[in-house]
Ligand SMILES: Nc1nc2c(ncn2[C@@H]2O[C@H](COP(=O)(O)OP(=O)(O)OP(=O)(O)O)[C@@H](O)[C@H]2O)c(=O)[nH]1
């Protein structure tokens, strides 16, 4: 439970808001019933129950996006309703609700909710003792909203930037190994649910060290970027390329097997041979290919592709080797040879 609170920011805000609502609104609900103000007491009770319901929904389903949205709407509309019933003292509740909305939904939606709530409050002219009080309230509420927006917008940008830094390889712009682990797990779960076939291609540039040694790291970097561009141009949009490390890449291909996979690999190798160049001439790559087997773990899948790549390197480079788990018939290659013509 504590781990979920630590790792899920929105869930922690929903829980904090729920706990604050329980502690902060309950005494007011009781007091209003005791004072005979049943309308205000009922509104407080409804807000309390709704917040508790949303909090329970968020914990059970993990859907904090929807829960956050509902909670932000409940908080803002609840504050307006309370002010409409109890008058001036109810105004103060809107301030925390305006700020909280920015923690629960996107800055744009929170701003919209803020403006609607402030406009609704201002429209309830009876709540205010004077015009000066009304405009003071409107101005201060707008200042609170604008400040909260600026803060939330900046935080969102920083979060996106951090996410980018943590998941994207800065040289080539493709996803890094960390993202790959997540995507492979998703692919495994999807394959189990839907039965869709997934192929994994591990590829490694041949004699890349020579390129670096002879022409410098700058030229090596250009070769890496060219390789990524070439693969992305030669594969489908749904295929995903990851930088596994150094000059090694992983290509995840959904929905291909058998003859289709053989054709994809033939095509890729053909294009690489034709177009991959460095100042000293052509550049080749070796490929290890594995199809995800039924019930197979991601680790075993990766290991089979890696073993196939190792075999491609050991048997001369510039070739494609299918993992031996893939039958020759599926791969549309001759029986007894797991590799395509090198
Ligand atoms: N330019 C550049 N080189 C890199 C980068 N990352 C790793 N390398 C280099 O890639 C080379 C990999 O060398 P090796 O592992 O010996 O592989 P190889 O020379 O391609 O040999 P084989 O794979 O056996 O064909 C090393 O020289 C690394 O310095 C990078 O981001 N940029």
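Glycine is treated like the rest: Cβ placed from N, Cα and C.
According to TrEMBL, the domain 'GGDEF' annotation covers 196-325. According to DSSP, the secondary structure content of the domain 'GGDEF' (196-325) in residues is 61 helix, 35 strand, 34 coil.
Annotated transmembrane segment per TrEMBL: 12-34 (among others), in sequence order. Sequence-distant neighbours of the transmembrane segment (12-34) (same chain, 6+ residues past either end, Cβ-Cβ under 8 Å): 5-6, 40-41, 44-45, 47-48, 51-52, 54-55, 58-59, 64, 67-68, 71, 75, 86, 100, 103-104.
Using a Cβ-Cβ cut-off under 8 Å and counting only residues 6 or more beyond its ends in the same chain, the transmembrane segment (40-60) has close neighbours at 10-11, 14-15, 17-18, 21-22, 25-26, 28-30, 32-33, 66-68, 70-71, 74-75, 78, 81-82, 85-86. What TrEMBL lists as transmembrane segment is 40-60 (among others).
The transmembrane segment annotation in TrEMBL covers 67-87 (among others). Proximity of distant same-chain residues to the transmembrane segment (67-87), defined by a Cβ-Cβ separation under 8 Å and at least 6 residues beyond the stretch ends, is recorded for 10, 13-14, 17, 32, 37, 39-40, 43-44, 46-47, 50-51, 54-55, 57-58, 61, 93-94, 97-98, 100-101, 103-105, 109-110, 113-114, 116-117, 120-121, 124, 126-127.
Long-range contacts of the transmembrane segment (93-120) within the same chain: residues 10, 13-14, 17, 68-69, 71-73, 75-80, 82-83, 138, 141-142, 144-145, 148-149, 151-153, 156, each at least 6 residues beyond the stretch ends and with a Cβ under 8 Å from a Cβ of the stretch. As annotated by TrEMBL, transmembrane segment applies to 93-120 (among others).
Long-range contacts of the transmembrane segment (132-152) within the same chain, counting only residues at least 6 positions beyond its ends with a Cβ under 8 Å from a Cβ of the stretch, are 88, 91, 94-95, 98-99, 101-103, 107, 110-111, 114-115, 118, 121-122, 125. Positions annotated as transmembrane segment by TrEMBL: 132-152 (among others).
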